Every structure is written in C-alpha cells, then in structure tokens.
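What follows is a short report on a single structure.
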Amino acid sequence: MDPNTVSSFQVDCFLWHVRKQVADQELGDAPFLDRLRRDQKSLRGRGSTLGLNIETATCVGKQIVERILKEESDEALKMTMASAPASRYLTDMTIEEMSRDWFMLMPKQKVAGPLCIRMDQAIMDKNIILKANFSVIFDRLETLILLRAFTEEGAIVGEISPLPSLPGHTNEDVKNAIGVLIGGLEWNDNTVRVSKTLQRFAWRSSNENGRPPLTPKQKRKMARTIRSEVRRNKMAD
C-alpha cells in the first residue's frame, strides 16, 4: 500500500475530528456542517477500502499535523495561505432538501467513475429541475457535494452523489454523470432543466433555456418520431 495514501487518510481523519469539535461548539455554518457529514461518509468508505481503523488513524494524523506545525514558522504559514487559491461553496438546495429521505418506485442505479447515479424510472411526463451543492475554484466545479432532481411539486426523483469508497472526482466526471441522469429522465418523456448555478459552473454546453443539447441517440429518436408523424399525415391525406 502506498504510504502517502495511508498518511493522507490519517491526516484527513484528524482534520475531520478537529472540524467535528468546531461543530460541537456550534461554530460551524450550514455549508461547514454539510461538508462535515459528507466527509464522514467518505472517511468511513476509505477506511473500509484501506483496512484502517479510523480512531487509530486519527491519533497518527494528529502526530503528523503537530510535527508539521512545530516545524513551520508563522511567516511560512502566512505565505502558504496567501498563495493558496480560495474555493467558494455554492448552494442550490437547502439543508432540508439535501437531508430529506426519498424512495423510488422503479429504482435504477448506475456507477459512473467515482459518482453514483440514482433515478426513479417510474417518473413520466414531469417537469424536472436539477439542483446541486458544490464548491467552485477558478470558475469551475471543484467538488460535488450532492445533486438532486426535483419535480415541480418538490419530489426528489434522481440523485448524483460521490462514492465514499472512491474519493475525488473531476469536473468532467460530474458533467458526464449529469448527462447520464438527464438522458435517463428524458427517456420517459420528462422535461429536464438545469439550475443557473449548475449551468454556469458544471454544465456549460446548454442552451438559453438551461437544457443541454440533444445527444446523438436523442437526435436519432427525435428523427424517427418526426418521420413517423410525416408518414401518418401523408396516409391521412
């Protein structure tokens, strides 16, 4: 096993422990608490994959961080923080929308790289909007926290979430997963829109209505439908 993978996990465990202490003292805002919950699931998955105990890893991570802080001067810390790019946390969904449980009548699940896509195939002829909470850096999506598909009535009918056992994903991973989710929902004649925030940072190839261009498969399906309609009209004449 790569020692850097182990030490990274150990440090992440300790830093999560520190953030948990901040949350317990009611010093964290909603995005902070949101990331805390998500990262806890991720650490559990990584610990299971690596075969490492989280409590033991936390103790070792503390020793690593303490050694680094002891060796680093205040001036070096200031320079590091000044040169580090700052990310922004953007929210389409409320805490209630993110934490709400939902169920599927006809569940379908697909894993696309480090992301899990879930949708309810029983949903038909609905207007659906995709919303997401994520961080942005350099005007591009950095980390997806959670994406969900909502009907006009507010029901959740689809979701994209990072796999705890496979931390880390790219902007392209998210974009591909969004395409899969949209394609699955549109297959049942649903109309899907993407939130303005997602359009700007994660789904740039969309038109002015916030809908992505048709895929080649969708274009072929539409062409067959049009040809069929034309034939019927000719026969009626």
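Placed from the backbone N, Cα and C atoms, the Cβ positions cover glycine too.
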Given ranges 34-38, 39-43, 189-193, 214-218, the stretch to which Swiss-Prot attaches the annotation motif 'Nuclear localization signal': 34-38
Chain residues in Cβ proximity to the motif 'Nuclear export signal' (137-146) (below 8 Å; excluding those fewer than six residues from its ends, i.e. six or more beyond): 34-35, 38, 85-88, 93, 98, 115, 159-162, 169, 171, 174, 201-202
